[in-house]
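> Under the heading pyruvate binding site, Swiss-Prot lists His104, Tyr130, Arg131, Ala169, Gly177, Val179, Asp208, Gly209, Ala210, Asn237, Tyr239, citing similarity to another entry as support. The thiamine diphosphate binding site annotation in Swiss-Prot covers Tyr130, Arg131, Gly177, Val179, Asp208, Gly209, Ala210, Asn237, His304. According to Swiss-Prot, the Mg(2+) binding site annotation covers Asp208, Asn237, Tyr239, on the basis of similarity to another entry.
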Amino acid sequence: MLSLKAQSSVVGKSSSLRLVRNFSKNVRALSQVADETKPGDDDLVQIDLPETSFEGYLLDVPELSYQTTKSNLLQMYKDMIIVRRMEMACDALYKAKKIRGFCHSSVGQEAIAVGIENAITKRDTVITSYRCHGFTYMRGAAVQAVLAELMGRRTGVSFGKGGSMHLYAPGFYGGNGIVGAQVPLGAGLAFAHQYKHEDACSFALYGDGASNQGQVFESFNMAKLWNLPAVFCCENNKYGMGTAAARSSAMTEYFKRGQYIPGLKVNGMDILAVYQASKFAKDWTVSGNGPIVLEYETYRYGGHSMSDPGTTYRTRDEIQHMRSKNDPIAGLKMHLLELGIATEDEIKAYDKAARKYVDEQVELADAAPAPEAKMSILFEDVYVPGSETPTLRGRLQEDTWDFAKKSFAFRD
């Protein structure tokens with residue numbers, strides 16, 4: 001059984017209220033898969049990371065020993081199993097042809113979205129690439145809202161009009177379908193935090209395949225020039241589509257790509273290292289040190305997208321080795337057992353509850369209606385409320401939309 005935290009309401013006006021109401025029905029705080037919090041869950045526990053967890057560039061690496069609470073460790077485990085179950089549901093729905101078009105899974109990479117979110121606050125902003133399902137969930141969207149969007153349903157986070165690559169949530173600026181295009185937007189989010197004197201930073205994530213894009217380096221330059229609180233995060237999952245990193249990049253130490261920006265390489269398969277590095281990066285940027293480049297070394301178990309089997313450019317033995325030796329969920333489970341935070345039976349109960357919850361969310365998403373077959377939908381959510389132009393042209397003159405009338409300008 002799942003108990004959900006209350007989600008605070010979001011304030012909006014006019015047509016944005018429709019967006020907020022639609023989203024709020026599908027939003028919840030981070031899941032608490034257990035029925036209740038056990039006594040002592042707020043007790044501090046000592047975490048000792050291996051020396052191989054970090055490698056620094058122009059900075060001293062974070063402390064390898066730190067303290068966190070039992071409840072925080074349990075929450076990260078529960079979050080990761082929800083994200084994985086959600087991605088597995090995506091795979092099944094895609095094979096059933098209920099999800100169509102592009103769809104990119106993050107199975108194997110769950111530690112990054114979960115570790116970052118548990119290390120930052122809701123004041124901070126996140127933007128990433130098209131592999132964004134887990135980030136959307138972690139920023140506050142319910143599983144059913146993510147899945148409904150992937151299936152093109154009206155109750156999706158983008159009302160069924162965005163699909164897999166264009167998911168949004170409060171404080172989460174997408175999903176971006178253009179390789180590397182989210183990085184300058186992430187720098188812009190950091191500029192907004194700085195301009196408004198907020199104690200917050202932005203996390204802009206991109207893959208090793210996007211790391212050679214010119215706009216990434218342009219963003220580095222501007223962020224350093226203006227000393228922005230920007231955390232640039234390379235999710236190095238070893239392959240850009242089907243191309244190994246060494247075949248596309250002259251230098252594969254992506255954490256050093258900032259040149260004049262300090263960097264940190266992180267074991268992205270260990271959520272305890274991801275969590276510590278993400279907290280370190282946030283503290284670094286909001287303390288006035290300017291931007292930082294993180295490289296999360298990770299691995300995707302599946303192909304680049306659902307249509308890619310993922311075995312033509314790497315061996316099955318390689319994939320199995322990563323699954324058996326480096327799985328982030330299995331790694332955290334081992335720590336929970338060793339630290340006495342959870343028993344095998346309790347972990348099995350969490351896994352069972354996560355499976356049940358995601359199955360229920362799949363049913364809700366699948367039962368949701370598709371967007372109405374009417375042209376007026378095309379003119380919704382185009383402008384920030386209050387900034388609309390008087391009219392917006394359609395394909396033909398009679399398709400021109402009048403925002404004041406909320407109908408077509410030249411139709412009776």
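Glycine is treated like the rest: Cβ placed from N, Cα and C.
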> Name the residues of the same chain, 6+ apart in sequence, whose Cβ is under 8 Å from the Cβ of His304 (thiamine diphosphate binding site)?
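In sequence order, the residues whose Cβ lies under 8 Å from that of His304 (thiamine diphosphate binding site) (at least 6 apart) are His104, Tyr239, Met241, Gly242, Gly310.
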> So how far apart do the thiamine diphosphate binders Tyr130, Arg131, Gly177, Val179, Asp208, Gly209, Ala210, Asn237, His304 get, largest Cα to Cα in Å?
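Binding-site diameter by Cα atoms for thiamine diphosphate: 18 Å.
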> Give the sequence-ordered list of residues that share a chain with Ala210 (pyruvate binding site), lie 6 or more positions from it, and have CB atoms under 8 Å from its CB.
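Sequence-distant Cβ neighbours: Ser129, Val179, Gly180, Val183, Val216, Gly240.
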> I'm trying to understand the geometry here, so how far is the Cα atom of Gly177 (pyruvate binding site) from the Cα atom of Asn237 (Mg(2+) binding site), in Å to the nearest whole number?
18
> What's the number of neighbouring CB atoms sitting within 10 A of the CB on Tyr239 (pyruvate binding site)?
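Its Cβ has 22 other Cβ atoms within 10 Å.
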> For Asn237 (Mg(2+) binding site), what residues in its own chain, 6 or more apart in sequence, show a Cβ-Cβ distance under 8 Å?
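The answer is Gly108, Gln109, Gly207, Asp208, Thr298, Tyr299, Arg300.
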> For the recorded Mg(2+) site, whose residues are Asp208, Asn237, Tyr239, find every other residue on that chain with a C-beta no more than 8 angstroms from the centre of their C-beta atoms, and list them by sequence position.
Gly207, Gly209, Glu235, Asn236, Lys238, Gly240, Ala245, Thr298, Tyr299, Arg300
> Among His104, Tyr130, Arg131, Ala169, Gly177, Val179, Asp208, Gly209, Ala210, Asn237, Tyr239, the annotated pyruvate contacts, find the widest CA pair distance and round it to a whole Å.
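28 Å is the greatest Cα spacing among the residues binding pyruvate.
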